[in-house]
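Here is what TrEMBL records for this protein:
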ACT_SITE  Lys77  active site, charge relay system
ACT_SITE  Ser152  active site, charge relay system
ACT_SITE  Ser176  active site, acyl-ester intermediate
DOMAIN    24-466  domain 'Amidase'
Amino acid sequence: MDFYQTDLSQLHADLVNKKISATELTKETFDHIEANDDQVKAFLTMNKEAALKKAAEVDAAGIQDDQLTAGVPLAVKDNILTKGLRTTAASKILENFNPVYDATVIEKLNANNFINVGKTNLDEFAMGSSTENSAFFTTHNPWDLTRVPGGSSGGSAAAVAAGDVLGALGTDTGGSIRMPASFNGVVGMKPTYGRVSRWGIIAFGSSFDQVGWLTRTVKDNALLTAMISGNDPHDMTSSVKEVPDWAAQLNDDTNVKGLRIAVPKEYFEGINDDVHDVIKAALDHLESLGAIVDEVSLPHTKYGVPAYYILASSEASSNLQRYDGIRYGFRAKDVKNIEDVYVRSRTEGFGEEVKRRIMLGTFSLSAGFYDAYFNKAAKVRRLMAQDFDNVFKDHDVIVGATGATPAFKIGAEIDDPQTMYMNDVLTVPVNMAGLPAMSVPAGFSAKNGMPVGLQIIGKAFDEQTVYNTGYVFEQTTDVHKKAPKLGGQN
Ligand SMILES: NC(=O)C[C@H](N)C(=O)O
């Protein structure tokens, strides 16, 4: 199956009209994955047997018109709990962990009879921007196998870019959906904080984490995000707001006439020339379609990365206390006493980056340092949210680059955590303020042909305007039609 030739609505119609069966589709999907995944390495766990069994059940029951994802193969990031299917968060500490329940997002998809083809690779506990922090292996960018796919949802983004699936679930704490979407030339939406339940997501930074989709098209993204959104009594931070039918409004490719687009000048500081040129051209294009483009300032942008890494690491240091060598997963061998169980299981079970964050977070929260670090970063968070509020008083969306560079080479930044953290400079402000934001393919670097993403940021719970803007851009350009030539020159 080549998912570049179709979309969710078309595939659903083909399944309902029996042009293809769920079983045939699932088999073709695995043929495609098996032909490329030893190069791309997007998947940590394949779910072939169960997927084919489910497809046969779906075929036997018949595919209903109101079940959009019935019989549709999709992939799931491996920090999302799937009952009975190994879920590792790409960590040795959870290497053999089999969840006893499904995340709410999986329950919702199961209710719609989706086919879970497998679990995708990520940076360990979603900490990283390249998937190089996976305890198992690095995923390769399908556009150039010597480059990273971004992170932390790098496996999900690469699976979509490689044409393995139409959509893959990701999570975004500081850019983990949008940044890999940008690096792989796919669409990635982080919904408003609270839009999607976090129940059954392996917690990293609970006041930031949000689930969303990586897809090939904007419309597929809107359809799939609606399916997983909504209030969940298991997650006290999930919103009771009604979930609009975003996709229903995506039929008009003139939707940006009169749209007030704010372009923060800080989002152009320090970005690569090739990214700059693609983003500038994208903005000119939106302006030519009738949007009103204004330069604005988000003055606290530069504090985003340091503040985020203090706050998210503090939350992580608390969330990761549960991996104690007793309750789940890995336990060190030949331990002498209880303290040894804790210390050695965590020392041997966690990777370098996870340990770095636990130490950074514990330090920031400790007596004597709390005010200077955690508290100060929390104040920065408020200021950054206010920056956005000010701009949104008279603008509909904020637009800029998703990443300051296109995908970098594997190995180029892994020994330099600060450089790696700086990849998030344009994405973390959105998580600090809990806003919705999407990366859509904007074009390709003139230097190396790698994809470049355009980030569209909306007001809280206004995913609609974000989708509208992305849809118009997509429909009036050809960028999303180009597929990578796996292993070849692009
Ligand atoms: N999890 C994320 O959203 C990615 C971010 N680069 C981080 O390492 O925290």
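Here the Cβ of each residue, glycine as well, is placed from N, Cα and C on the backbone.
Structure coloured by features recorded in TrEMBL.
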residue: Lys77; record: active site, charge relay system; DSSP class: strand
residue: Ser152; record: active site, charge relay system; DSSP class: coil
residue: Ser176; record: active site, acyl-ester intermediate; DSSP class: coil
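The Cβ neighbour count for Ser152 (active site, charge relay system), using a 10 Å radius over every protein chain in view, is 35. Looking only at the active-site residues Lys77, Ser176, the densest Cβ neighbourhood within 10 Å occurs at Ser176. Rounded to a whole number, the distance between the Cα atoms of Lys77 (active site, charge relay system) and Ser152 (active site, charge relay system) is 9 Å. Distance from the CA of Ser176 (active site, acyl-ester intermediate) to the CA of Lys77 (active site, charge relay system) is 11 Å. When the active-site residues Lys77, Ser152, Ser176 are checked against ligand 1, Ser152, Ser176 have a Cβ within less than 6 Å of one of its atoms.
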